[in-house]
Amino acid sequence: MIPVVALVGRPNVGKSTLFNRLTRTRDALVADFPGLTRDRKYGRAFLSGYEFIVVDTGGIDGTEEGIETKMAEQSLAAIEEADVVLFMTDARAGLTAADLSIAQHLRSREKTTFVVANKVDGIDADSACAEFWSLGLGEVYQMAASQGRGVTNMIEYALTPYAEAMGIVRQGEDEVTEEREYTEEEAEAEQKRLQDLPIKLAIIGKPNVGKSTLTNRILGEERVVVFDEPGTTRDSIYIPMEREGREYVIIDTAGVRRRSKVHQVIEKFSVIKTLKAVEDANVVLLIIDAREGIAEQDLGLLGFALNAGRALVIAVNKWDGIDQGIKDRVKSELDRRLGFIDFARIHFISALHGTGVGHLFESIEEAYDSATRRVSTSMLTRIMQMSQDDHQPPLVNGRRVKLKYAHAGGYNPPIVVIHGNQVSRLPDSYKRYMMNYFRRSLKVVGTPIQLRFQEGDNPFENKTEKLTMSQERRRKRAQSHIKDRKTK
C-alpha cells in the first residue's frame, strides 16, 4: 500500500515549497494534455527509495475557530487519512500561538508526527530550533526546503519505520526509472499474465454523482460473489464479481451501501481514497453529473487518472429526466472541454434506472484490451517509419533528427520506446503527432499512449583514435625531426 504523507502547518512555513520539491519529478506527467486542470494539493513522489502520496494541507491557520469549526474540512480529512504527518514550522519566525494550537490538535489525533523546523539556512539552527521541543511531539528535524537541505533525510526518518511495519520493500532509483526492454517471448508472457488477471475497475467521481447507486446497480445485476465487507474510512472496498465469464474487481471509493441505505444521498468524499484507487486500478470509470456539467473537480479527478496512465471510460450519469436543450448543452461542453481525451469512450447513463449501464462493460473491456495488447518490435518500428515518411522530423542545428527503431516498454498504459539521434530535441508538437499516429495505427481505444525517447550513446565520444605501430613510429620520427629543427 502506498503511504500518504501530509504536510501540516500554518501559512508561509514552506509547505508548498516542500511539496513542489517532492513532486517535481511527477509534475509534468500530464503536460501532453493541454487544458487539464491539476490539483496542486495532491501529488505523487519518489524519494529515498519510497514512493508515496504527498498532501499539502493548506488552509489550516491554527486559530481556535479554525481548529474547532469548519476549518478546511478536506485538510483535516487528509490528516486523518495520512500515515505520516510532517508538522512544518518556521525556524526564523520562532514558535507562535498558531503552532501551539496545531500541535494540540495533532496530539489529540495520536498521529505519527514529525516536527520539521524549516528555513534554517543562514541562521544558528540549533538555537533557533530549541524552542520547538516544547510542542511535545518528539524530536525536531532541521530543513531548508528551498535549497533541498535535509529533505531526503527527513523522508527516510519519516517513512522507514512505517515501511518496515507494513512490509513495504524499499526500491532503488533504477527500479523506478528504468525502462524495461522486453524480448518477444517476455512480452508475450507479460501480456498473457495481464489478460488472465481480473480487471480492476475504479469508480470515481465527485460527491453525489451516483457512484454508490451505480455500484449497487452493477452488483445487483451481476450477483456479487463476495458482498462488501466493512472498510475503514481511508480504504476503498474491493468487490470481486464476474460478468459474462470475465472476472472483475470493483474498487468502490464511496462505500457500497446495503440495500436499506441506498436512499442516502450524502457521501464522504476523500481525494486520498480516490488517488489510492486510481493507482491500484487497471481501468478508471469517471462519473460526471449531467445536471451540473463538467466541474473543476471532475477535471482534477481526470488528472489523477491521466497521471497514473490508466485506461479510462467516462459515464455521464442522471441522463434521464432532463430536456433535450440541456442534453445538447452537455454534449457541446464535453466536446469543448474534454477534446484532449478523444481516445476515451463517453456513455450517457442512468444508474438509478439502469439505462445504458450494461454497455459500460463493453468499453471497459475494450479499454483494458487496448492497454494490455502486445505489439511486436517490428510492427512498432514499421509504424514509426511510416510516421516519418508522412511527416519528417525537423532539423536540429542543420541535421535531421533520425529515428532508428521502436519497441514496447510496458503495458497499462502502453509504452512505446523510440531510439534515435537527437531525439531529446524533438519539439512537443512532433511528439504529439507521433503519439496520435501510433494511436490511429494501432487502433487504441480507451487508454493513453506514452512515448519515451532514448538516444544511443556514441561509442567514439571522448575517445582518442588508437594508432597502429607503423603510425606510431612515423609520429615519433616527425616529432624528433621537428625537435632537431628547433635546436639548430
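Glycine residues also receive a Cβ, built from the backbone N, Cα and C atoms like all the rest.
Listed in Swiss-Prot for this protein:
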type     : residues                  : note
BINDING  : 9-16, 56-60, 118-121      : GTP 1 binding site
BINDING  : 205-212, 252-256, 317-320 : GTP 2 binding site
COMPBIAS : 473-488                   : compositional bias 'Basic residues'
DOMAIN   : 3-166                     : domain 'EngA-type G 1'
DOMAIN   : 199-372                   : domain 'EngA-type G 2'
DOMAIN   : 373-457                   : domain 'KH-like'
REGION   : 460-488                   : region 'Disordered'
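Here the features listed in Swiss-Prot are painted onto the structure.
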{"residue": "N12", "record": "GTP 1 binding site", "contacts (Cβ under 8 Å, 6+ apart)": "D90"}
{"residue": "V120", "record": "GTP 1 binding site", "contacts (Cβ under 8 Å, 6+ apart)": "A91, A128, C129, Q142, M143, A144, R149, G150"}
{"residue": "G205", "record": "GTP 2 binding site", "contacts (Cβ under 8 Å, 6+ apart)": "K211, L286, I287, I288, D289, D298, L301, N317"}
{"residue": "W319", "record": "GTP 2 binding site", "contacts (Cβ under 8 Å, 6+ apart)": "A290, K327, F348, I349, S350, T355, G356"}
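Across the structure, T253 (GTP 2 binding site) and T57 (GTP 1 binding site) place their CA atoms 21 angstrom apart. By neighbour count, meaning other C-beta atoms within 10 Å, the densest spot among the binding-site residues T57, T253 is T253. Other Cβ atoms within 10 Å of the Cβ of N208 (GTP 2 binding site) number 15 in total over all chains. For K15 (GTP 1 binding site) paired with N208 (GTP 2 binding site), the C-alpha to C-alpha distance reads 31 Å.
Using a 10 Å radius centred on the Cβ of K211 (GTP 2 binding site) and all shown protein chains, the other Cβ atoms total 24. When other Cβ atoms within 10 Å of the Cβ of K15 (GTP 1 binding site) are tallied across all protein chains shown, the result is 26.
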